[in-house]
Amino acid sequence: MSAPREAKKRTTRRKKDPNAPKRALSAYMFFANENRDIVRAENPGVTFGQVGRLLGDKWKALTDEEKQPYEAKHAADKKRYESEKELYNATKA
DNA sequence: ACTCTGATTGTTCGC
DNA sequence: GCGAACAATCAGAGT
């Protein structure tokens, strides 16, 4: 536990920081980017309800090796975020 | 010092 | 256009 996102109305949050250093995308984001093509291609007709859940299920189905390409993407994106962070504390200060 | 929560990221789909 | 499940995540804030 640590993040009980049960009824946490999380949707299009808002920025509270001065320059809002938006975080980096998650591995899931990259994964979804490629999966949306595959999953939907393999499951023609499945709506967000199905694909969405199926996607997450498959996501974990992958192993660290599978996630590697996605994690790598996230790592690259994270660096991008670092730039924001830098400018953030640089501007905010 | 340690912990936690909040904020954020992108997809799909329908209305 | 937005909201909502799906998952990750990271950093700052609070205790």
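Every residue, even glycine, has its Cβ placed from backbone N, Cα and C.
Quick look at what TrEMBL annotates:
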DNA_BIND  A:21-89  DNA-binding region
COMPBIAS  A:7-16  compositional bias 'Basic residues'
COMPBIAS  A:67-87  compositional bias 'Basic and acidic residues'
DOMAIN    A:21-89  domain 'HMG box'
REGION    A:1-23  region 'Disordered'
REGION    A:67-93  region 'Disordered'
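In the predicted model, residues of the domain 'HMG box' (A:21-89) average a pLDDT of 88.
Helix, strand and coil residue tallies for the compositional bias 'Basic and acidic residues' (A:67-87), in that order: 21 helix, 0 strand, 0 coil [DSSP].
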